Amino acid sequence: MGFNLTFHLSYKFRLLLLLTLCLTVVGWATSNYFVGAIQEIPKAKEFMANFHKTLILGKGKTLTNEASTKKVELDNCPSVSPYLRGQSKLIFKPDLTLEEVQAENPKVSRGRYRPQECKALQRVAILVPHRNREKHLMYLLEHLHPFLQRQQLDYGIYVIHQAEGKKFNRAKLLNVGYLEALKEENWDCFIFHDVDLVPENDFNLYKCEEHPKHLVVGRNSTGYRLRYSGYFGGVTALSREQFFKVNGFSNNYWGWGGEDDDLRLRVELQRMKISRPLPEVGKYTMVFHTRDKGNEVNAERMKLLHQVSRVWRTDGLSSCSYKLVSVEHNPLYINITVDFWFGA
């Protein structure tokens, strides 16, 4: 009886001891787990913060990239620029260099300029026929670039240079300028510009209108009066479509004179009117020069003028043959050099 009681107590004691040990082990393991978990909370917070920061940075980069690739749409420039000054006193420095003109026009690149603050209403190509008139070209570039920029134009200046050895053909050079310029840009408007004429008033807008426009109402050499009734030379403006419609200039005027009157007749044959600015606006200074060798008066000009109505469809842009020697994009202008075969 005593033995059984002792055994029974011993068994209960061992069972209790075993249970206590189990609870102790479980408690120890649980406490270690919670301590470890508590210690890991700051690390987890740091990880999540860094992850969130990376996510925000990633989104920011995406937004930045999208913003950089998205094209900003500018408003149209006003029909009358706020930068216009009106009549200007022109100064022609005898020691002017091309480097000076370039330094004065830092925003012109490869002969092109467009306003940054608005979208220009027209893309305008200025075509200047040229041979052996370097000083005149410098004076024109010095004054014409700021003049055009104040008018908020998207423009390019093309100087079409005739290679030596042939009689000068201004009209054919202008046909070449039109054809070659359109290979670079779908220009809206073309200004056919003599190298020795410099505009005095920037309200004389170098834009195209519903009808062809004659810009030289007067010049200093004629007392600022129109040279003669019907005069259509010096500086004229025709849209891409207008010039194409008249088949451009005739290619047959070798030497000086007649090609401007020929163009006027072509315009009139298409029942287009000619507009001009007000006399006080369409004023130009002609830089003095003597007649160039190779640009003598064309003795055939009157005979050619009598043929315009018969030949204008076949003589012009449609028949303009030439050898393209080079196209050079200088800082202030695009130089196009061509060679003609005399009589072609």
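Every residue number used here counts from 1 along the chain in the order it is shown.
Any Cβ shown, glycine's included, is placed from N, Cα and C.
Note that the coordinates shown come from a computational prediction; the quantities given were computed from them, not determined experimentally.
Of the residues proposed, Arg219, Arg301, Arg310, the one Swiss-Prot records at the same N-acetyl-D-glucosamine site as Gly258, Glu259, Asp260, Asp261 is Arg301. Of the listed cysteines (Cys77, Cys189), only Cys77 is recorded by Swiss-Prot as the disulfide partner of Cys118. Per Swiss-Prot, the cysteine from Cys189, Cys320 that shares a disulfide bond with Cys208 is Cys189. The N-acetyl-D-glucosamine site is set by Gly258, Glu259, Asp260, Asp261, Arg301; from the centre of their CB atoms, other residues of the chain with a CB within 8 Å are Ala171, Gly233, Tyr253, Gly257, Asp262, Leu263, Asn298, Leu304, Leu305. Sequence-distant neighbours of Tyr224 (UDP-alpha-D-galactose binding site) (same chain, 6+ residues apart, CB-CB distance under 8 A): Val217, Gly218, Pro279, Lys283. The recorded positions close to Glu259 (N-acetyl-D-glucosamine binding site), defined as a CA atom within 10 A of its CA, are Asn169 out of Arg133, Asn169, Cys189. Nearest to Val195 (UDP-alpha-D-galactose binding site) in space, judged by Cα atoms and limited to the recorded positions Cys77, Cys118, Asp260, is Asp260.
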